[in-house]
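Student: Under the heading transmembrane segment, Swiss-Prot lists 2-22, 37-57, 83-103, 117-137, 207-227, 269-289, citing sequence analysis as support. For 160-210, the entry in Swiss-Prot reads domain 'DHHC'. The active site, S-palmitoyl cysteine intermediate annotation in Swiss-Prot covers C190.
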Amino acid sequence: MAVQWLLVCHGMMTLTVVISFLCGQWPIFKGTPFQWIHYFLTFGAYDYFLRFVGFVFGSKGTDVILSVEYFCCDRPNPILQVIYIAIMGSTYFLTAKSSFIYIPGYYLGDVHKYTSFLAVIVGVILFLLTCFSDPGTVNAENVSRYISAYPYDDIIYSKKECSTCKIPKPARSKHCSICNRCVARFDHHCGWMNNCIGERNTKYFMAFLLWHFLLCLYGTVAIGFILAGRVKELRVVHILTVYYGVDKSFRSLAPRVIQWLVGTYNTQILLMVFLAIVSLLLAGFFAYHANLCLTNTTTNETFKWREYISLNKKLSEAKASAAALKAGMSCELKKPSAESKCFGLCGRSSAREEEVKADAIAKRNLYDRGSFQNVSEIVFPLSSRPSSSNKSKRKSE
């Protein structure tokens, strides 16, 4: 029973951490432990560590940490790429060394030795494609082609010049401070890829996420079948029920079978738990980015719209406060009337109307052309189509 509760607690803690990390910043979790855990994982832990280093080693220690942070987070570097290769290689090596001796088994055939290796190779190829493909770098030679791909919405995108590159900024583009270049349909800079994710390599990035989710899921299920096969081949259930008198119910057998598996095949159990957690994380990332692709939105635009709604909310609140203050000052000189009493309520109502209006504008996405067309733009970027080249030529003429 203790093992059973330990596994339940472990699963609940893992689920809490995963949800907090992925979704803790959502408005629905505001003021909850999920938000605090998200802050601690993303900012708080590093902030406390920086303060500790400053307290122990002074400003010199802090400067060293900040210089390491600048190299790791603010400049292109292959650190996370090396970590990815190390994780991929070591996980496959440990899986092959600990589990391939049980293939073929009761549930798995010999073919899985080769399909697993092939799946890993495909994953590495997709990783390399995403790392070294052009995300859609905008320069003086091709800027007209990217400008003709998407119109300006004059809300979050308007005609302006990049202050660094000194070229016109196409709609949906952004200057990446890490790569020091403008990227068309900029989504985000991915440290794992050491590359930006933009118009021309989003399809590789999505394929990478989907394939690695399936790869980790495949590994989890395969190891599960190997362990189930060992339980069947060694007649563990029969031994427990006949020789140890354990009741045949699932509730009685499950904790003891799990305890036996953890003690006998601990490496496989650890690998299975690790792959299950990673597959859950990858499923969350893929679902998030798939939703962005289906609605023709980018991560960068999501933050831009959030800032736009927040700014409009603050402006409407400021206007309502100013109007209420003005009404209050006038009421000091005049006898309060029914009109002045409800003025504050009307002011709050108009502020709410402004918020709703800003939210409605944000939901009217100029670039959303329907799910099928949106996905086709990911697979076949607009700037690479002949129609886009013809438009840019006509504009230049």
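Glycine too: its Cβ is placed from the backbone N, Cα and C atoms.
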Student: Take every residue in the domain 'DHHC' (160-210), average their pLDDT values, and give the whole-number result.
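Tutor: Mean model confidence (pLDDT) across the domain 'DHHC' (160-210) is 96.
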Student: So if I measure Cβ to Cβ from C190 (active site, S-palmitoyl cysteine intermediate) and keep only same-chain residues at least 6 apart in sequence, which ones fall under 8 Å?
Tutor: T130, C196, I197, F205
Student: For the domain 'DHHC' (160-210), what are the DSSP-based totals of helix, strand and coil residues?
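Tutor: Once the DSSP states are binned, the domain 'DHHC' (160-210) shows 9 helix, 14 strand, 28 coil.
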Student: Excluding the flanking five residues on each side, which residues at least 6 beyond the ends of the transmembrane segment (83-103) place their CB within less than 8 Å of a CB in that stretch?
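Tutor: Same-chain contacts beyond the ends: 109-110, 112-113, 116-117, 120, 123-124, 127, 192, 219, 222-223, 226, 229-230, 265, 267-268, 271, 274-275.
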Student: Hey, which bits of the same chain come close to the transmembrane segment (269-289), Cβ under 8 Å, at least six residues off its ends?
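Tutor: Cβ under 8 Å, 6 or more out: 14, 18, 21-23, 91, 94-95, 98-99, 187, 205-206, 209-210, 212-213, 216-217, 219-220, 223-224, 227, 261-262, 299.
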